[in-house]
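Peer 1: Heads up, here are the entries from TrEMBL:
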BINDING   Pro32, Asn33, Gly34, Cys35, Gly36, Lys37, Ser38, Asn39  ATP binding site
COILED    168-394  coiled coil
DOMAIN    416-535  domain 'SMC hinge'
COILED    683-817  coiled coil
Amino acid sequence: MFLKRIELQGFKSFADKSIITFDSDVIGIVGPNGCGKSNINDAIRWVLGEQSVKSLRGNSMSDVIFNGSAQRKPVNMAEVTLVFDNSRHLLNVDFEEVEVTRRLHRHSGEGEYFINKTPCRLKDILNLVMDTGLGRDSLSIISQGNISAFADAKPEERRALFEEAAGVAKYRKRKSESLSKLHRMEENLARLEDIIIELERQVNPLKRQAKKAEIYLEKKQELETIEVSVLVDEIETLNESIEMLRKKAFDFEAQKAMHETTIQVADTKNQELRNEMYQLDREINHLQGEFAKLNEESRILETRKVELDEKRKYALEFASNAEKAKELKTMLEEAHYEYEDRNKRFKDLERDIALAKENLQKLEADLASCMQEYTQAANILNRLENRKSVLENLVKEPFNHQHAVRAILDAKNTLDGILGVVSQIFKPQTNYETAISSALGGAMYHIVTKDEASARHAIGFLKRNQSGRATFLPLTVMKPRRMQREHEVLAQNLTGYLGVATDFTECEETFYGLRESLLGNVIVADNLVNANEIAKVLRYNYKIVTLEGDIVNKGGSMTGGKNRNASTPMTLQKELTQVEQSLEGQRLKSEGLYQQQQALSAKKEAVRASLVQMQISHAQLDQIVKAKWSKYEHLRADYEQYAPAEELSDTSLLENDLVVRLSALHSRLDEVAATMKAKRERRMRAGSEVERKEASIRQLRRDLNVLQNEEREVEVAKAKEETRLEASMERLSSTYEMTFEYAQSQKLDTDMKEARKKVLQLREEISALGNINLDAPSEYQEVRERFEFLTHQKEDLQQAKSKILDAIDEMDEIMVRQFKAMFDKINSELNDVFRSLFGGGKARLFLVDPSDILNTGIDIDVQPPGKTVQNIRLFSGGEKSLIAICVLFSILKARTMPLCIFDEVEAALDQANVERFAKYIAQFRGESQFIVVTHRPGTMAQCDALYGVTMQQNGVSQLLKVKLQDAINFIDKKEVKA
Ligand SMILES: Nc1ncnc2c1ncn2[C@@H]1O[C@H](COP(=O)(O)OP(=O)(O)OP(=O)(O)O)[C@@H](O)[C@H]1O
């Protein structure tokens with residue numbers, strides 16, 4: 001026995017657990033109509049994987065669960081177990097006994113399968129019974145309906161039975177699976193081909209665009225590298241040129257100032273000279289008047305003297321010796337007077353010359369010391385001017401030494417959220433610049449940003465450009481710091497406490513928080529001694545700065561001293577103001593010294609001129625003195641001829657004596673003439689000096705004009721260069737996001753002329769490329785990869801398709817072979833079976849279309865004893881059943897089945913045929929197991945054991961083993977009742 005046991009519970013009418021144990025090969029199931037016999041067949045089919053609700057005679061799968069009856073409630077679960085003896089290993093597992101269970105839950109609709117109590121899938125069960133003959137379309141379970149359907153079926157519809165018998169059903173199933181797979185594959189292939197065609201359409205234009213974009217990027221990269229170098233070179237050249245122009249402009253400015261000063265000095269000098277000339281003219285005029293008057297007086301006196309001398313000459317010729325002696329004496333006295341007078345004047349002049357020389361020497365010494373003082377003052381002035389210009393530059397560009405800070409400020413427009421540098425944001429009150437600088441320390445150069453993101457961005461910029469490091473203060477995270485209230489009160493009463501650093505620092509309202517954070521807990525004290533005292537009282541809790549910038553740090557350490565050039569951006573302006581003030585004082589001092597130098601120089605010139613004049617007069621007088629002496633000597637010799645013994649008395653001449661008066665007049669005339677001559681000469685010198693100066697002023701003005709024009713040209717050129725510089729710097733920062741210093745480090749060592757040409761050439765090449773799709777390379781890559789992938793997939797699919805086609809061909813071949821072999825075998829058995837059951841005659845199966853073994857229908861020609869050959873359809877119902885049963889038995893002979901379930905297949909046969917049928921079944925005993933549902937005693941008589949199905953309780957089937965006679969009685973009774 002193959003099937004050892006069936007256990008049913010909740011399945012259809014088997015509400016309670018029912019077990020049928022099979023202990024012999026031919027088992028009969030008997031019972032009245034509707035008692036549930038066929039439900040047993042259904043149960044077996046259901047366990048073996050039946051999915052067709054119709055085959056199970058229901059409308060839905062849940063119809064297999066017991067629905068309840070008048071006395072019983074429905075149940076929620078149906079469960080059926082088949083237990084097989086697998087000692088012959090007909091089932092494809094290693095176990096000797098196989099238990100197959102199917103369960104269905106009403107509410108969830110969930111089905112469960114088990115093999116030997118282990119949960120499994122439906123597929124596992126189908127695989128288990130495949131090729132055993134227990135499959136869905138097999139001959140294992142044949143009902144009366146099957147028999148009549150076989151007889152009445154079209155030839156093609158009969159194939160299934162033969163295919164199942166030939167074991168080709170699995171191939172057909174696989175083939176159908178393969179065909180649907182093939183179908184899906186072909187659909188996929190068609191879709192793939194569509195996509196590939198579409199991709200092919202895209203790939204070539206994209207390839208061209210990608211190539212273009214790559215060329216563009218290469219050229220752009222090359223252009224950028226070269227252009228950065230060209231820009232750097234341009235900026236360097238522009239910087240040099242601007243510096244040169246600045247120097248030139250500075251020189252022009254200095255020259256202009258010099259010219260202007262010279263013109264101004266010359267103008268002043270000219271004015272002075274003109275005033276002097278006017279004064280001299282007036283004096284000369286006056287002297288001329290005096291000279292003319294003196295001259296007239298002298299002419300009158302001279303005339304009188306000539307008359308007197310004539311008289312004397314006459315008297316001397318005709319006078320006596322005594323009279324001659326007297327006259328000569330008078331003349332001698334006069335000559336002596338003249339000599340003495342001239343000699344005195346000569347001596348006076350000599351003294352004056354010595355004095356003038358002394359004076360000149362002193363003036364020269366004074367002038368030299370004045371010039372020295374002036375040079376020193378000019379040097380100091382120069383130094384101050386230099387410092388002023390340095391300070392002005394520092395005020396203009398205070399972060400020249402903080403590269404990172406400068407880099408950030410230069411790129412401020414391209415960076416977001418940069419608010420400035422601490423030292424620019426805070427303005428210390430006057431006189432607190434040094435203290436606040438000390439209070440801030442290094443924080444003075446920190447950069448204030450809107451938030452942390454801005455600071456991160458700026459740090460990224462510094463990294464990219466390798467522009468150094470800087471500290472950033474994001475406003476959003478700055479926490480205010482303050483002095484404790486009690487400390488503040490305490491400090492206010494201490495000597496030297498000036499306040500908190502925030503009190504002396506102005507800023508915009510936005511930065512109040514920042515101010516509190518940096519300066520809110522820093523104290524300002526007047527000096528270091530008081531700072532120490534305050535620190536002590538406040539227990540060294542605060543940083544204290546003094547007005548001089550010394551620091552008592554929190555904790556007590558002290559920092560102080562003085563650096564040369566210890567300027568901070570905050571003290572610069574103050575120092576600049578101080579320098580400007582000193583400069584003003586120094587300029588006044590210097591100008592004063594210059595004036596003094598000019599005055600001394602003029603005085604020196606005047607003394608020198610007068611000295612020369614005196615020296616000339618001195619030389620002239622020397623001759624006159626000698627002439628007067630000689631005249632006196634002659635007169636004395638003449639006089640001694642007439643009065644040799646008489647001594648000359650040293651009587652002086654009377655004041656109104658003609659000679660005395662004439663001498664005085666001559667002396668005065670000489671004096672006036674000399675003064676006049678000196679003044680005329682001075683006048684002439686001044687005049688020519690004025691002319692010379694005017695000519696030089698004219699020349700200076702012309703030069704100044706030229707200078708101004710040249711300076712204007714230089715300024716214009718400088719402005720042009722500065723605009724170009726700004727544009728280049730802007731391009732460097734906005735296009736390349738580079739600082740100049742970083743770009744400089746990237747500069748190529750190449751011929752710049754060639755580089756410029758290359759830039760132009762690259763620009764032209766880039767513009768000739770036209771529109772560029774920068775996404776093209778990645779799109780091309782993506783499309784190409786997709787294209788290649790899909791092409792590959794297509795090839796794989798094609799290969800798989802051809803493999804499936806090969807497999808199908810192979811399966812077809814197997815099916816044809818196996819089908820044909822089984823068909824022939826069944827056909828060869830049929831005649832014998834027919835003859836046995838019909839008691840003679842013959843029967844033959846034939847293929848409707850032998851050329852198409854795979855699809856051909858199967859028909860049967862039959863010739864019962866004494867009748868002609870006819871097709872199966874032409875026979876009576878009973879005959880048809882018997883013929884069908886013949887085919888069935890032929891199949892069983894050709895292919896052994898381990899289990900056959902016949903459900904009233906013999907119902908249409910007459911008594912004699914039932915007996916033949918039943919006996920024929922008995923022949924298979926030992927090879928196949930039969931479960932026969934029957935109402936016919938003939939069949940029952942051939943069974944080894946009989947089970948009766950009853951419905952003691954309405955609607956609930958029950959099983960019990962019965963004897964043959966009981967079974968016959970049992971049926972008869974029921975049939976009578978019915
Ligand atoms: N889900 C179900 N719950 C309860 N009873 C059911 C269910 N499904 C079918 N039945 C009952 O099973 C009986 C039909 O059983 P079955 O067809 O096996 O009878 P049978 O013994 O083969 O009759 P016959 O000799 O006339 O062929 C009917 O009475 C039907 O009401």
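Placed from the backbone N, Cα and C atoms, the Cβ positions cover glycine too.
Curation plays no part in TrEMBL annotations; they are all automatic predictions.
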Peer 1: At 10 angstroms around each C-beta, which of the binding-site residues Pro32, Gly34, Gly36 has the fewest other C-beta atoms nearby?
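Peer 2: Least crowded of the binding-site residues Pro32, Gly34, Gly36, by Cβ count within 10 Å, is Gly34.
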Peer 1: For Gly34 (ATP binding site), what is the secondary structure state per DSSP, taken as helix, strand or coil?
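Peer 2: SS state of Gly34 (ATP binding site) = coil.
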Peer 1: Cβ within 8 angstroms of the Cβ centroid of Pro32, Asn33, Gly34, Cys35, Gly36, Lys37, Ser38, Asn39: which residues besides those meet this for the ATP site?
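Peer 2: Filtered neighbour residues, in order: Ser13, Gly31, Val949, Met951, Ser957.
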Peer 1: Note the mean pLDDT of the coiled coil (683-817), expressed as a whole number.
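Peer 2: That stretch averages a pLDDT of 89.
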Peer 1: Can you give me the same-chain residues 6 or more apart in sequence from Asn39 (ATP binding site) with a CB-CB distance under 8 Å?
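Peer 2: Set apart from Asn39 (ATP binding site) by at least 6 residues yet with Cβ under 8 Å, we have Phe11, Lys12, Ser13, Phe14, Ser957.
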Peer 1: Under the DSSP assignment, what numbers of helix, strand and coil residues are found in the domain 'SMC hinge' (416-535)?
Peer 2: 65 helix, 22 strand, 33 coil
Peer 1: Specify the count of other C-beta atoms within 10 Å of the C-beta of Lys37 (ATP binding site).
Peer 2: 23
Peer 1: Which of Asn33, Ser38 (the binding-site residues) has the most other Cβ atoms within 10 Å?
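Peer 2: Of the binding-site residues Asn33, Ser38, the most buried by Cβ count within 10 Å is Ser38.
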Peer 1: Around the Cβ of Cys35 (ATP binding site), how many other Cβ atoms lie within 10 Å? Please give the count over every shown protein chain.
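Peer 2: For Cys35 (ATP binding site), the 10 Å Cβ neighbour count is 20.
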Peer 1: Using DSSP and three states only, what is Asn39 (ATP binding site)?
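Peer 2: The residue in question, Asn39 (ATP binding site), is helix (DSSP, three-state).
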